[in-house]
Structure formats: structure tokens, C-alpha cells
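Per Swiss-Prot, the features are as follows:
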{"type": "ACT_SITE", "residues": "Asp68", "note": "active site, proton acceptor"}
{"type": "ACT_SITE", "residues": "Asp145", "note": "active site, for ring-opening step"}
{"type": "ACT_SITE", "residues": "His147", "note": "active site, proton acceptor"}
{"type": "ACT_SITE", "residues": "Glu152", "note": "active site, for ring-opening step"}
Amino acid sequence: MPEIIIVKNEAEAGEIYGRCVADLIKAKPDAVLGLATGSSPLAAYQALAKIVKDEAIDVSGVRGFALDEYIGLPLTHPESYHATIHRTVVEPLGLDPAKVHVPGDVLNGTPLEDGDKVALAGPAYDRAIEAAGGIDVQILGIGTDGHVGFNEPGSSLASGTRVKTLAEQTRIDNARFFDNDINQVPTHCITQGIGTIMKARHLVLLAFGAGKAEAIEETVEGGVSAFCPASALQMHPHATIIVDEEAASRLRHKDYYRYAYTHKPAWQGI
């Protein structure tokens, strides 16, 4: 069962994540971070960047692997996840760009039709993560339908990094990054699979707003099912879900989650 932390706002959630990762980097200077895009992690990255600066933490050895990437967008496209990760994580934290990887880096706009090259990129990415020693902390967002990464409902809970077709709802949700024009949103992606994500040593999922309440209810208190990919976190030995009051509004056991978090010993961390 994941630890559930209910916070006032995104800033408080960001502070919790930032402290967790900053302490990790101090203890393990070559830590491997799992990185996600979207709006949910932004406050977390900002909090971490502030701690790194304020405490003069050396991040020169830190490595990173992003969750996913659109297929067909060149790396230079502003909404490619390569560009987004560099804009929101690499530059603010001062990470070495050569040590931060995105699944589509080797594709760089390769069209879906180039099946041989596209199909090989997923297994190669999983091997790269394994060669780095695995991911220490993986940050996650969650879609309104319970997807994590680009693992849409129905994705295998044992899947590795591979090519997926984006659900129409995901394309609608992401159109806000493409001038609200769904026709500009790619139809396919390459994403870490649920099986790949579950190999990370610590998972931290963030969710904010009433629009995520149903997905959080299914993730935390529903059954484990491929139709809510995030529900796989119930099976992870070290998963933390940080939500605001609105995202937690449908949880039946909120009082217990609050009690458990406020009464845990400080040495446990998150």
C-alpha cells in the first residue's frame, strides 16, 4: 500500500519531494532520477532547484531518465519532452545535459513508419536504465483516466518501454500545450512501461485538483487493474502518493492517511 500524504497545495508537495531528492543526492552524488513532464511535477522541480542552490549541493554526478516522448517531434520542438525536460529540470538544477536521457533521443523526429528504428528504441532504453544501476526516485503524474507515463488504460502492468497509441482523451488533455489544437498533438509515443516504472526503488506520484479525484480513488482504494495503470503502485514496496485536498476528496480513508503520516517517526522520511 502506498503512503498517502494530503497537502494544502502544490508548493507543499514540492517541498516534500525536493527535500527527499536533495537528501538522496547528498547521500548518493551519482543518484539516478526518473523524470516526468506535465504540470504536476513543476512545483517539485522548482523546490528541488531552490534547495540545491541554497544548500550548494553538487549535482554534477546526477543522472536522469525521462518517462516518455512523442514520436514524430524533433528534439528541437518546444513541446518535445526532450526540450521540456531540459527547460524545466536540466537548466534550473544545473544538471549535466549529457547525463539526462529521454526515450526518443535516438529517434529525433523519426516517423512512426520507420518501424525497425522505432521498435528498437524501447528495449535499448530499458537496457540503458539497467546499465545506470536503475532509477532511485521516479516522479510521476497521473492522467484523469489513471494513466502514468503514456501507459493508457489497458496497458500491461508488466510492460517495458515501447511504442503506444495515445488515447483520444490524452490528446485532448495535452492539446493545451499545442495552441489548443488537437491536430498538432502526435498520435503515438514511446513510453516506459509499467513494468519498467515499477523497477524504480521509490515512486513518488503527485496529483492536484478535483479533476484527478476519481483517478486517485481508483489508484489508492480500487482494485489493481490494467484499466487503471496507476493502481499498480499498490504492489510497489516503496511508493508515495502526494495529493491536495481536492484530489483526495473521494478517498474513504482520508483520516487514517493523515494520522499515519503525522504520527510516523521522522527518521522514516517518505
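Cβ atoms here come from the backbone N, Cα and C positions, even for glycine.
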Spatial separation of His147 (active site, proton acceptor) from Asp68 (active site, proton acceptor) - C-alpha basis, Å
12
Would you pick out, from the active-site residues Asp145, Glu152, the residue whose Cβ has the largest number of other Cβ atoms within 10 Å?
Glu152
Using all protein chains in view, find how many other C-beta atoms are within 10 Å of the C-beta of Asp68 (active site, proton acceptor).
20
I want to verify one value. Collapsing DSSP to three states, which class is His147 (active site, proton acceptor)?
coil
Just to be sure I understand the packing, how many Cβ atoms besides its own are within 10 Å of the Cβ of His147 (active site, proton acceptor)?
26
Translate the DSSP assignment of Glu152 (active site, for ring-opening step) into the three-state scheme.
coil
